Amino acid sequence: MSASLAETGREPSKSLKSLAILAIASAGVVYGDIGTSPLYAFKQSIGHLRHADGSIAAADIVGVVSLMFWTLMVICTVKYVLVLLRFDNKGEGGTLSLTALVQKAGGSGLKAITAIGMLGAGLFFGDAILTPAISVLSAVEGLKVIDSLNGRIDAFVVPIALVILVALFMFQRRGTGGVGRWFGPICIVWFAVIACLGLASIAHAPRILQALDPLEGLAIFERHPRLSPAVLGSVFLTVTGAEALYADMGHFGRKPIQITWLALVFPCLTLNYLGQGALVLSDNAAAASPFFLMAPDWFQLPLVFLATAATVIASQAVISGAFSLTQQAVQLGLLPRMTLTPTSEEHEGQIYVPQINWILMTGVAALVLGFGSSDALADAYGISVVGAMITSSILAVVAVRRIKHRPLWQAVIAFSPFLLVEGAFLAANLLKVMHGGYVPLAIAFGLILVMWTWTRGLERLARAEQSDLSMADVIAMLASRPPMRARGTAVFLTQDPEIAPASLLHNLKHNQVLHEQVVLLTVKIQRRPRTPEAERVEARELGPGFKAVTLNFGYMERPNVAQGLALARAKGVKFDIMRTSFFVSRRTLLARPHAGLPHLQDLLFIFLMRNAQRAADFFQIPPSRVVELGAQVAF
């Protein structure tokens with residue numbers, strides 16, 4: 001790992017045994033999505049080049065497989081495995097982690113960087129809704145090729161897929177701890193099977209090995225200038241799920257992800273795509289369902305079951321990624337507070353977010369019912385993924401400039417090959433917008449609107465609530481006219497301990513009493529995944545009986561105020577949870593006309609604020625120790 005990346009944490013040394021365990025586990029979680037792409041990627045790509053009589057030119061078959069192989073090589077192997085995995089934020093990867101890393105480096109254009117991070121997050125959510133729908137549908141559609149069913153199963157494909165997907169989402173609250181240990185081994189079996197199927201098929205048409213020559217792929221653009229954009233858009237389906245290589249780095253580490261890709265996933269995917277091409281070279285009619293037709297008749301039904309299991313695992317990985325991204329967005333202040341429920345005592349990163357789960361389930365069910373087949377969904381798939389890839393490339397350019405301190409032109413040159421390839425794929429996928437590509441774009445921009453409204457609304461709310469009184473003035477006033485003092489400690493949450501919190505002033509105005517110790521508590525979410533316990537607490541004296549305490553948490557941690565204040569005892573803060581009251585404001589928002597946001601965004605912000613998780617619950621404050629003070633705020 002590059003030592004010159006100032007904010008990059010070192011990966012802990014791992015024994016061979018633990019490295020092997022993590023590599024096996026990553027096969028299911030990291031590579032489940034990209035590992036199930038053979039179900040539909042080649043079928044969609046070669047379909048654009050089929051002639052009216054059903055025939056396909058041998059050169060076109062070889063060319064499509066060549067494009068797939070080199071797409072895997074350039075984007076997955078070079079960009080992600082060899083380059084981008086070196087850009088971690090204290091071990092964490094993903095778009096928002098990279099955004100936080102770049103922001104922490106400082107410099108100009110922070111709002112633009114935040115906007116790019118929002119775009120990447122929004123596009124990921126678009127992918128998170130599409131992936132379960134297309135993956136499970138494509139697996140269940142394998143039943144159609146089984147001769148014994150003789151077409152009788154066609155009407156049941158969508159209902160079967162829906163039952164599987166709804167069951168998957170209903171299972172989320174239980175967590176994956178019990179069955180998750182089987183994800184890696186099942187996916188290793190999956191990769192071994194698809195590799196064997198590919199090898200057997202290659203043996204019957206070894207000419208397909210010409211696809212390893214990149215010129216074979218480039219020749220398609222010369223032979224089919226009008227069709228090549230559509231072909232390229234479908235070829236990109238080969239690398240859907242590649243973002244998981246970077247996003248899941250915090251769970252497994254760089255080395256296990258690299259080892260699994262280079263030693264298992266990449267070779268198996270290559271063999272399978274070569275095998276599908278070889279099958280269609282031998283029999284053009286097999287292009288209707290090349291993946292399942294590679295298998296002998298007796299193995300087709302077991303293969304459908306195995307494919308369904310693999311797609312469920314791939315869907316689970318995407319859903320878990322959506323939960324993790326939501327947690328990061330909430331902690332970084334991009335989304336409202338939500339219920340973040342841990343599902344494992346052993347792995348703190350495993351959480352369940354009920355609001356997101358219901359949104360995903362509703363969206364996935366709507367896509368399955370609305371599109372009805374993996375062929376129709378393929379037109380909607382891809383555009384969100386390539387958009388997310390481009391955002392990560394742009395953020396990496398900024399990281400090279402600001403963290404590695406290289407000239408901008410060097411950073412641009414280093415990533416320009418990736419940006420050019422991804423730009424070509426983006427242009428090809430934009431042709432799909434009117435044929436379903438609008439779906440992930442609508443999802444992405446809907447989420448971006450929510451994040452932008454939330455961040456802008458919070459800024460306006462903070463200005464509206466800001467008191468004109470400084471704490472120094474309040475302390476001086478209380479020294480001249482001391483109020484009654486109650487025993488115990490009062491904790492007031494505030495963003496700025498130098499300014500008197502509205503809840504403190506309301507308490508003085510209505511109750512005319514102060515506790516013997518008043519703590520102004522600020523909870524800060526830092527631009528790193530986790531904060532060491534030694535840096536958790538900062539405390540200082542403001543005046544007699546007044547202390548300012550800051551609790552620092554990383555964006556991958558669940559803030560626990562009570563535990564943090566217990567650590568503050570070492571800083572001279574008296575803390576007994578049974579003698580402490582936490583004063584929290586409960587706001588009723590009133591939008592002022594022409595105050596900065598359009599009226600509909602004002603209404604959206606009020607809705608988000610009203611439905612956000614209560615601060616006391618989010619910060620894990622014991623309910624019996626909370627005092628809520630209501631207030632109307634015009635913002």
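Even glycines carry a Cβ here, placed using N, Cα and C.
Positions annotated as domain 'K+ potassium transporter integral membrane' by TrEMBL: 23-470.
What TrEMBL records for 488-634 is domain 'K+ potassium transporter C-terminal'. Mean pLDDT across the domain 'K+ potassium transporter C-terminal' (488-634) comes to 86 in this model.
Annotation source TrEMBL lists transmembrane segment at 56-82 (among others). Remote same-chain residues near the transmembrane segment (56-82) are listed as 34, 41-42, 45-46, 49-50, 207-208, 210-214, 216-217, 219-220, 223-224, 231-232, 235-236, 238-239, 242, 245-246, 257-258, 261-262, 266, 269-270, 273-274, 276-277, 280-281, 284, 287, 389, 393, 417-418, 421-422 (criterion: CB distance under 8 Å, separation of at least six residues from the stretch ends).
Outside the transmembrane segment (112-133) by six or more residues, the chain places 33, 95-96, 98-100, 102-103, 161, 165, 168, 240-241, 243, 247, 311, 314-315, 318-319, 321-322, 325, 329, 334, 360, 363-364, 367-368, 371, 377, 380-381, 384-385, 387-388, 391-392, 394-395, 398, 439-441, 443-448, 451-452, 455 with a CB less than 8 A from a CB of the stretch. Annotated transmembrane segment per TrEMBL: 112-133 (among others), in sequence order.
Taken from TrEMBL, the feature transmembrane segment applies to 153-171 (among others). Sequence-remote contacts of a segment are chain residues at least 6 beyond its ends whose Cβ falls under 8 Å from one of its Cβ atoms, and for the transmembrane segment (153-171) they are 132-133, 136-137, 140-141, 143-144, 146, 308, 312, 315-316, 319, 357-358, 360-361, 364-365, 368-369, 372-373.
Outside the transmembrane segment (183-206), and at least 6 residues removed from its termini, the chain residues within Cβ reach (under 8 Å) are 24-29, 31-32, 35, 38, 176, 264-265, 267-279, 281-282, 294-295, 303, 306-307, 309-310, 313, 316-317. Here TrEMBL flags 183-206 (among others) as transmembrane segment.
Among the features that TrEMBL reports, transmembrane segment is placed at 226-247 (among others).
Sequence-distant contacts of the transmembrane segment (259-281) (same chain, six or more residues past either end, CB-CB distance under 8 Å): 19, 23-24, 26-27, 30-31, 34-35, 37-38, 41-43, 46, 56, 58, 61-62, 64-65, 68-69, 72, 76-77, 81, 188, 191-192, 194-195, 197-202, 204-209, 211, 238, 245, 287, 290-291, 293-294. The feature transmembrane segment is assigned by TrEMBL to 259-281 (among others).
Within the chain carrying the transmembrane segment (301-325), a Cβ under 8 angstroms from the stretch's Cβ atoms is held by residues 28-30, 32-33, 35-36, 39, 94-96, 121, 124-125, 127-128, 131-132, 135-136, 138-140, 142-143, 146, 164-165, 168-169, 172, 176, 183, 186-187, 189-190, 193, 241, 244, 247-248, 292, 295, 349-353, 356-357, 360, all 6 or more beyond its ends. TrEMBL lists 301-325 (among others) with the feature transmembrane segment.
Long-range contacts of the transmembrane segment (356-374) within the same chain: residues 39-40, 128-130, 132-134, 137-138, 141, 157-158, 161-162, 165-166, 169, 172-173, 319, 322-323, 326, 338, 380, 436, 439, 443, each at least 6 residues beyond the stretch ends and with a Cβ under 8 Å from a Cβ of the stretch. Residues or ranges marked as transmembrane segment in TrEMBL: 356-374 (among others).
For 380-400 (among others), the entry in TrEMBL reads transmembrane segment.
Cβ atoms under 8 Å from those of the transmembrane segment (412-431) belong to residues 71, 74-75, 78-79, 229-230, 232-233, 236, 382-383, 386-387, 389-390, 393-394, 396-397, 400, 437 of the same chain, restricted to positions at least 6 beyond its ends. Sequence annotations record features per position, and here TrEMBL assigns transmembrane segment to 412-431 (among others).
Per TrEMBL, the feature transmembrane segment maps to 437-454 (among others). Non-local neighbours of the transmembrane segment (437-454) in the same chain are 118-119, 121-123, 125-127, 129-130, 329, 333-336, 363, 367, 379-384, 387, 429-431, 597, 601, 604-605, 608; each lies 6+ residues outside the stretch with a CB under 8 Å from one of its CB atoms.
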Handout entry: Intrachain neighbours beyond the transmembrane segment (226-247), with Cβ under 8 angstroms and 6 or more residues off its ends
Key = 29-37, 40-41, 44-45, 47-49, 64, 67-68, 71-72, 75-76, 80-81, 84-85, 93-95, 124, 127, 131, 220, 257, 261, 269, 273, 314, 317-318, 321, 324-325, 378, 381-382, 385-386, 388-389, 392, 424-425, 427-429, 431-432
Fill in the blank from the handout: Summed over the domain 'K+ potassium transporter C-terminal' (488-634), the DSSP helix, strand and coil counts are 47 helix, 57 strand, 43 coil
Handout entry: Within-chain partners of the transmembrane segment (380-400) [C-beta distance under 8 Å, separation at least 6 from its ends]
Key = 5, 75, 79, 83-84, 87, 95, 98-99, 101-102, 105, 113, 116-117, 119-120, 123-124, 126-127, 130-131, 134, 233-234, 236-237, 239-243, 246, 367, 371, 406, 408, 410-412, 414-415, 418-419, 422-423, 425-426, 429-430, 432-433, 435-441, 443-444
